[in-house]
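Shown next, in structure tokens, is the structure this report addresses.
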């Protein structure tokens with residue numbers, strides 16, 4: 001029984017990588033059907049908050065620390081970097097490139113995170129970290145070399161947006177590590193993050209998408225699937241293990257569109 005519990009985090013991370021890949025593939029389908037990326041992020045995290053909030057209230061009511069202004073401000077910034085900026089930029093970029101290219105570029109997240117940790121003196125630079133940095137930087141370049149990119153400026157713009165979004169994600173991971181030390185209630189923190197992200201993305205949507213038709217929930221089924229995926233990965237997230245299992249996401253995102261095309265979704 002103890003051995004099962006020991007391997008549980010690894011199981012969560014393997015499942016979460018499939019979930020992240022499925023989220024990207026379904027998101028690509030939704031964007032292809034005319035859904036606005038900005039509105040998509042609003043609905044996704046609003047529904048995720050409605051799912052997470054009751055779970056956080058029930059499961060963490062006896063061990064939930066009180067919120068201070070400093071903690072709320074950090075969570076607000078974390079939501080802005082890790083969700084609002086990263087997700088909006090990601091889905092705009094995903095509209096321009098394929099999920100396979102997006103997955104290949106995603107391998108730079110550990111490299112960005114290592115560099116930020118070294119700059120902030122959270123990690124020491126040694127031979128092991130240099131080798132890891134080289135592996136994570138060259139891996140996406142090798143994958144992109146064998147991937148046939150889309151022609152024109154769209155591929156370059158999409159890749160640039162992806163890299164910017166992944167850098168914001170790396171900054172949020174470093175910030176999240178410090179927040180988790182002072183506020184260990186993960187479900188509550190994720191619910192508040194989703195709330196802030198929905199507010200921030202709503203403000204962006206009202207500025208850039210004033211057309212009322214952009215706010216229709218289409219397709220609703222895809223929204224619900226993505227929200228369930230988000231909640232599931234929030235329950236079992238492990239940043240260190242995700243670096244190791246990230247290649248599972250890449251393989252799934254490479255094969256996923258072909259499977260979808262085969263079944264005719």
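Using the three backbone atoms N, Cα and C, a Cβ is placed for every residue, glycine included.
On the 0 to 100 pLDDT scale, the model's mean across the domain 'EamA' (11-137) is 76. Residues or ranges marked as domain 'EamA' by TrEMBL: 11-137.
If you look up TrEMBL, you'll see 12-31 (among others) marked as transmembrane segment.
Taken from TrEMBL, the feature transmembrane segment covers 37-59 (among others).
Residues 37-38, 41, 44-45, 102, 161-162, 164-166, 168-169, 171-173, 175-176, 178-179, 182-183, 189, 192-194, 196-197, 200-201, 204 of the same chain lie 6 or more positions beyond the ends of the transmembrane segment (71-90) yet place their CB under 8 Å from a CB of it. The feature transmembrane segment is assigned by TrEMBL to 71-90 (among others).
The transmembrane segment feature in TrEMBL is assigned to 96-118 (among others).
Among the features that TrEMBL reports, transmembrane segment is placed at 125-142 (among others).
A Cβ distance under 8 Å defines the sequence-distant neighbours of the transmembrane segment (154-175), meaning residues of its chain 6+ beyond its ends; these are 74, 77-78, 81-83, 85-90, 92-97, 101-102, 105-106, 108-109, 112-113, 116-117, 120, 122, 239. Annotation comment: TrEMBL describes 154-175 (among others) as transmembrane segment.
Look at TrEMBL and you will find 187-208 (among others) tagged as transmembrane segment. Sequence-distant contacts of the transmembrane segment (187-208) (same chain, six or more residues past either end, CB-CB distance under 8 Å): 36, 38-39, 41-42, 45-46, 48-49, 52-53, 55-56, 59-60, 64, 67, 72, 75-76, 78-80, 82-84, 87-88, 179-180, 214-215, 230, 234-235.
Residues or ranges marked as transmembrane segment by TrEMBL: 214-232 (among others).
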